[in-house]
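Data first, discussion second: the structure below is written as structure tokens.
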Amino acid sequence: MAKSLNILIAALSLIAFSPFCLCSKAYGSGGYLFPQFYDQSCPKAQEIVQSIVAKAFEHDPRMPASLLRLHFHDCFVKGCDASILLDSSGTIISEKRSNPNRNSARGFELIEEIKHALEQECPETVSCADILALAARDSTVITGGPSWEVPLGRRDARGASLSGSNNDIPAPNNTFQTILTKFKRQGLDLVDLVSLSGSHTIGNSRCTSFRQRLYNQSGNGKPDMTLSQYYATLLRQRCPRSGGDQTLFFLDFATPFKFDNHYFKNLIMYKGLLSSDEILFTKNKQSKELVELYAENQEAFFEQFAKSMVKMGNISPLTGAKGEIRRICRRVNHAY
């Protein structure tokens, strides 16, 4: 743990020189977020998050990808407001029950562990939404990716949207245009789409998310012709026509636990796992050029990924007197 924590702290110490963000206007909101939000009210907040994320990574190498995914799935539904963390209650239908999250979203217990530690340090101060944003950044750094200053000051939602989670989060079998449209609805563009998809350099996906590529991509009983035949043969060994739905596969088979640009190199070799990955290289000229750039130039990918993460983290946050600071992330304050 000590080694991982030292790497994380060393990388984060460089953000004082980062050009990515000093103060960010939140998309869809009248409020501002800024990295120094907790400097006076909870000065150890970021240190606490970093430490717990580092400890979790030592015990579970999959956790960083899970935390990145939580932040993404949170921001794409009603904005970055920690609505994804809420359990179902009398008035709330949890987003955890949606198709994109059911049986796949994870890391909730770790977020609660971080929240508990922060409540001990500075009660009712640091929002669950900000914890998600910080944990996503720290997860990127600890696996070898870029760092950035995280704008802070989000507050937590008092409700959730199951329909929003089902409809607004891009799906593995969506067309390129559908995915781009979902990004544009959030104030993001094609560059953000390609760079943020690069988070698939770590993490896993289930057989059920890409099976159609192996056996019946276009409804004609034939596999996806943009998938390497050799790679498809390997995948079929563990992802049959039926059964094994929950079997996990690396999104980046080359360096599955390292945040790097091998994801884009895989796409050029037609070895993207998901259809939503490979179409970045096969369905749009501009996105193909970006894939080629990032495959060749990891620094360019890292720089844009950091910028796009800040941009995504600014989607419609609750600020000022809106929302609340939950004491427990899985339920609203009036529930106990």
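The backbone N, Cα and C atoms fix where each Cβ goes, and this holds for glycine too.
Quick look at what Swiss-Prot lists:
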| type | residues | note |
| --- | --- | --- |
| BINDING | Asp74, Val77, Gly79, Asp81, Ser83 | Ca(2+) 1 binding site |
| CARBOHYD | Asn173 | N-linked glycosylation site |
| CARBOHYD | Asn216 | N-linked glycosylation site |
| SIGNAL | 1-23 | signal peptide |
| SITE | Arg69 | site 'Transition state stabilizer' |
TODO: Anything within 10 Å of Asn173 (N-linked glycosylation site)? Look among the recorded positions Arg69, Val77, Gly79, Asp81, Ser83, Asn216, comparing CA atoms, and list what you find.
DONE: none
Open item on the list: Using the Cβ center of Asp74, Val77, Gly79, Asp81, Ser83 as the Ca(2+) 1 site position, which other residues in that chain lie within 8 Å, going by their Cβ?
Closed with: Cys75, Phe76, Lys78, Cys80, Ala82, Ile84, Ala129, Ala157, Ala160, Ser161, Ser316
- [ ] To the nearest whole angstrom, state the Cα distance for the pair Arg69 (site 'Transition state stabilizer') and Ser83 (Ca(2+) 1 binding site).
- [x] 14
- [ ] Can you grab the distance from Asn216 (N-linked glycosylation site) over to Asp81 (Ca(2+) 1 binding site)? Cα atoms, rounded to a whole Å.
- [x] 38
Task: Nonlocal residues around Ser83 (Ca(2+) 1 binding site), in sequence order (Cβ under 8 Å, 6 or more apart) - done: Asp74, Val77, Glu95, Ala157, Gly159, Ala160, Ser161
- [ ] Quick one: give me the count of other CB atoms within 10 A of the CB of Val77 (Ca(2+) 1 binding site).
- [x] 28
